[in-house]
Every structure is written in C-alpha cells, then in structure tokens.
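Enquirer: I have a structure here, written as structure tokens, and I will follow up with some questions on it.
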Amino acid sequence: MRIILLGAPGAGKGTQAQFLMNKFGIPQISTGDMLRAAIKAGTELGLTAKKVMDAGQLVSDDLIIGLVKERIAQSDCENGFLLDGFPRTIPQADAMKEANVKVDYCIEFDVPDDVIVDRMGGRRVHPASGRVYHVVYNPPKSEGKDDVTGDDLRIRDDDKEDTVRSRLGVYHEQTKPLVDYYQAAASNGLCKYSKIDGTKAVDDVSAELSDILS
Ligand code: AP5
Ligand code: ZN
C-alpha cells in the first residue's frame, strides 16, 4: 500500500504515520526526519537544509526529489510506504508521476491554522524513532521521556511560533495546490482521495484512517 499523508505542519502526519507503520508494516518516509538526520550527521545536505528549515522555508525540489527516489528504491519499500511531508510542491508531485511512482491513497488532514499554532507549542519529539508527543494532547508515559527507549524528548528547532507561522504561509502557498492535484488524480481513477478532520483526538483520527484503508 502506497499512501501520501498531506497536511499542514502540525496536522498530525507524523503521529498517524507511527500508527499506520505499526498497523500495516510499511515504512514511514518522512522527508523532514531525513533532513533532520542529515543535519545531525553534519553532512553537506544537512548544512544546506538547516538554514532553510530554520527559516521555515522549503528545501529545493531537486535535493528532495533525489532523496526520496533513493529511499523508495530500497528493498523495505517493495510492499509500500507512507509518504509524510512529501510531495509538498507541484514539481515534487510531477517528479513522482514522471518516475512512474503510483500511489493508492492520498489522505488530507484538515486542521485550522490556530489549532496548529497551539499544538506546536507543546510538541516533543524522539528524533531517533520519529515518535511524536504533545505535553497535553498526547503525553508520554513518563514526563519528558520516550515511551519505548526512555531517552530524553526534544523540542524541534523550527517549532518557535514565528517559524511555525512562516511554515503555515509556505504550506498555503506551495503545498495546498496539491489538494486539487490529487483530487483530480482521484477523479481520473489514479488514486483514492480522502479528507479527514484532523482536529479530532489522536485515537479518533487513527480509527478514521483504519476505516478508509480497510
Ligand atoms: P516536516 O518535518 O515534514 O514538518 P511539517 O510538514 O511542517 O510537519 P510537522 O512534522 O511539523 O507536523 P506533523 O503533521 O507531522 O504533525 P505531528 O504528528 O508532529 O518538515 C520540516 C521542514 O523540512 C520543512 O519546513 C522544510 O523546510 C523541510 N522539508 C521537509 N519535507 C520537505 C519537502 N518535501 N520539500 C521541501 N522541504 C521539505 O503533530 C504535531 C503536534 O500535534 C504533536 O505534538 C502531536 O503530538 C500533536 N497532535 C497530533 N495529532 C493530534 C491530534 N489529533 N490532537 C491533538 N494533538 C495532536
Ligand atoms: Zn512530521
């Protein structure tokens, strides 16, 4: 099963990707997590990406397309994958089409901007696994610690309110057009398209996803 999770920053893509990965046994391909790993490793890609990400802007299409093509060619993607945070521009979606990468489902998470700003203030992450928490809405079992490893949780560098607002602006300008793009693909029978209410509680959103994908 090949699934695109489409939605604004903080809409819940990473949270639900963890649920879907466990349920369907397919890998999460989070371009944001890949870039953060490159920053941590101090690679050339990481150095380029850091400045752009800290400003809340998008990394260049060429870099991202290369990264994703390489990742989906790996053997664990043979039975499908979850694209989390990709594609997020029309050229990225076109590149997938040109490479003949078909998707089965495109799922849009609908969450208003004011809810997102509130969520990002309380987000805590476990970078090594991609697990995501919220101090109020999805708290870890032990405060400040990852449920599985017990490692310390972190605040993402781009979760400052100003940066979140820039990222939301970029989303509306450059990523939202993909809603029409994939709805058109669905009406031509190329994939299925569903829009879900991402403001519901985490478990309710997971239940809705299970229904759509069953
Ligand atoms: P990326 O890491 O992809 O960030 P994003 O798309 O901005 O999305 P987030 O990870 O912020 O949010 P999410 O939807 O995963 O929400 P989450 O589940 O964490 O990208 C970062 C940067 O990398 C970009 O700005 C860009 O610079 C670059 N980049 C990445 N991909 C790129 C690409 N393709 N092209 C170019 N540049 C790229 O949830 C958020 C919070 O809400 C958490 O605290 C969570 O616990 C909580 N929460 C989740 N669901 C609920 C719920 N239902 N109710 C209450 N709280 C909830
Ligand atoms: Zn995410």
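Placed from the backbone N, Cα and C atoms, the Cβ positions cover glycine too.
Whatever TrEMBL says is automated annotation, not expert-curated.
Take a look at what TrEMBL says about it:
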BINDING   Gly10, Ala11, Gly12, Lys13, Gly14, Thr15, Arg123, Val132, Tyr133, Lys200  ATP binding site
BINDING   Thr31, Arg36, Gln57, Leu58, Val59, Gly85, Phe86, Pro87, Arg88, Gln92, Arg156, Arg167  AMP binding site
DOMAIN    123-158  domain 'Adenylate kinase active site lid'
REGION    30-59  region 'NMP'
REGION    122-159  region 'LID'
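Could you place these features in context, so I can see how deep they sit and what lies close by?
Expert: The Cβ of Tyr133 (ATP binding site) lies under 8 Å from the Cβ of Arg123, Arg124, Val125, His126, Pro139, Pro140, Leu153, each on the same chain and at least six residues away in sequence.
The C-beta environment of Val59 (AMP binding site), restricted to residues of the same chain at least 6 apart in sequence and closer than 8 Å, consists of Thr31, Leu35, Thr48, Ala49, Val52, Met53. Under DSSP, Val59 (AMP binding site) is assigned to coil, being neither helix nor strand in the three-state scheme.
Same-chain neighbours of the domain 'Adenylate kinase active site lid' (123-158): 10, 14-15, 17-18, 28, 30, 33, 36-37, 40, 53-54, 56, 164, 167, 201-202, counting only residues six or more beyond its ends whose CB sits under 8 Å from a CB of the stretch.
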Enquirer: Mind checking how the domain 'Adenylate kinase active site lid' (123-158) divides into helix, strand and coil residues in DSSP?
Expert: 2 helix, 12 strand, 22 coil
Enquirer: Under a criterion of Cβ-Cβ distance under 8 Å and sequence separation of at least 6, what residues of the same chain contact Phe86 (AMP binding site)?
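Expert: Residues satisfying the criterion: Ile4, Ile29, Thr31, Ile64, Val68, Gln92.
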Enquirer: Near ligand 1, which of the binding-site residues Gly12, Thr31, Val59, Tyr133, Arg156 are found, taking a Cβ distance under 6 A to any of its atoms?
Expert: Gly12, Thr31, Val59, Tyr133
